[in-house]
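**Q** To start, I am sharing the structure in question, which I have written as structure tokens.
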Amino acid sequence: MNLHEYQAKQLFAEFGLPVPEGYACDTPQEAFEAAGRISTAKKVVKCQVHAGGRGKAGGVELHDTKEGVKEFAQKWLGKNLVTFQTDANGQPVSKILVEEASNIANELYLGAVVDRASQRIVFMASTEGGVDIEKIAEETPELIHKAAIDPLVGPQAYQGRELAFKLGLEGDQIKQFVKIFMGLGNMFAQYDLALLEINPLVVTAEGSLLCLDGKINIDSNAMYRQPKLREMHDPSQEDEREAHAAQWELNYVALDGSIGCMVNGAGLAMGTMDIVNLHGGQPANFLDVGGGATKERVTEAFKIILSDSNVKAVLVNIFGGIVRCDLIADGIIGAVEEVGVEVPVVVRLEGNNAPLGSQKLAESGLNIIAATSLTEAAEKVVAAAEGK
């Protein structure tokens with residue numbers, strides 16, 4: 001689950017990190033009043049969406065007057081912001097962040113992720129702040145400095161000092177950086193984060209460090225024990241189909257192709273998408289129905305897949321391990337009858353009671369195309385999607 005910038009900065013402030021004075025506003029009038037409370041001559045106004053590239057898309061501006069801030073809010077609130085990280089429809093803007101402008105002398109990068117290889121939280125810092133860190137990692141990896149956090153002892157001050165030295169910080173800036181580093185390390189573990197970024201972490205003209213931006217992603221599997229963060233969830237930023245799928249414990253990710261995929265197991269789902277691509281098709285989604293593929297969940301899965309108008313055919317690829325293929329077949333038949341599926345459906349069953357499941361599908365009288373192998377299934381669904 002992602003947080004908005006203003007929410008990330010609220011958490012930063014709770015852990016004693018320096019953030020600009022700012023206010024999240026729901027209406028143009030609130031933005032006008034917030035601008036009046038900010039003492040700096042210039043005010044920064046930012047659209048709050050779960051996407052990067054806001055500045056280039058016109059979603060971040062600098063204004064001298066309260067009226068200019070209000071006009072910006074009137075322009076964007078209730079509209080969709082399209083950036084290079086969104087689809088063509090963009091994401092809805094329901095809040096505007098109004099905050100004080102800063103005198104920037106230097107921009108740094110500070111972030112942390114869970115590194116699965118080392119099984120550690122790993123901090124990354126760079127002197128190249130304010131730009132795409134992935135580009136820096138690819139072109140000049142030597143500019144990224146890392147510190148792995150031992151889960152038994154947590155972040156250590158000496159690690160923060162080492163990073164500060166490598167970033168060229170001096171004097172009191174080192175103490176400030178260590179405080180930020182320690183706060184972020186504790187926050188990462190306490191709130192079950194998957195990723196956090198401050199890009200840029202700026203050195204102001206006065207010589208102080210300031211968290212100018214904030215990005216936080218929380219491990220969705222840990223949300224059950226993070227009630228405070230659950231309240232920060234903004235469903236308007238999610239794909240409606242993905243939100244619907246989550247209610248049924250279906251793992252769904254919308255893609256741009258024309259072949260709907262329904263599979264049990266994430267690994268098999270990725271393999272299915274790969275082989276569809278290999279045979280010239282384009283998957284319309286990733287959908288893992290999991291081990292408990294009941295009729296109800298299969299029905300909802302069909303509804304979600306078919307809510308995408310680009311879907312021209314559906315591939316159902318089920319491996320019966322714990323779940324029996326004949327029960328899956330009953331679910332598919334019931335779902336197709338209930339939903340009224342009009343596009344071709346290709347089904348490949350393998351494993352526990354697969355012959356019985358295939359027999360049930362064949363005797364159903366429905367327009368279901370059977371396949372005995374994954375290659376055959378991919379070939380048939382690609383042909384069906386092309387109308388062949």
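From the backbone N, Cα and C atoms, a Cβ is placed for every residue, glycine too.
Keep in mind it's a predicted model, so treat the numbers as computed, not measured.
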**Q** Please identify which of ASN251, ASN264, ASN277 is recorded by Swiss-Prot as part of the substrate site containing GLY321, ILE322, VAL323.
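**A** Swiss-Prot lists GLY321, ILE322, VAL323 binding substrate, and from ASN251, ASN264, ASN277 it also lists ASN264.
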**Q** Given that Swiss-Prot annotates GLY53, ARG54, GLY55, GLU99, SER102, GLU107 as ATP-binding, name the residue from LYS46, LYS66 that shares the site.
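**A** Site partner of GLY53, ARG54, GLY55, GLU99, SER102, GLU107 for ATP, according to Swiss-Prot: LYS46.
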**Q** Cβ-Cβ under 8 Å from ASN199 (Mg(2+) binding site), same chain, 6 or more residues apart: which ones?
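**A** ASN199 (Mg(2+) binding site) has long-range Cβ partners TYR109, LEU110, GLY111, GLY129, GLY130, ILE133, ASP213, LYS215.
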**Q** Where among the binding-site residues GLU107, ASP213 do you find the Cβ with the fewest other Cβ atoms within 10 Å?
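**A** Minimum Cβ neighbour count within 10 Å, taken over the binding-site residues GLU107, ASP213, occurs at GLU107.
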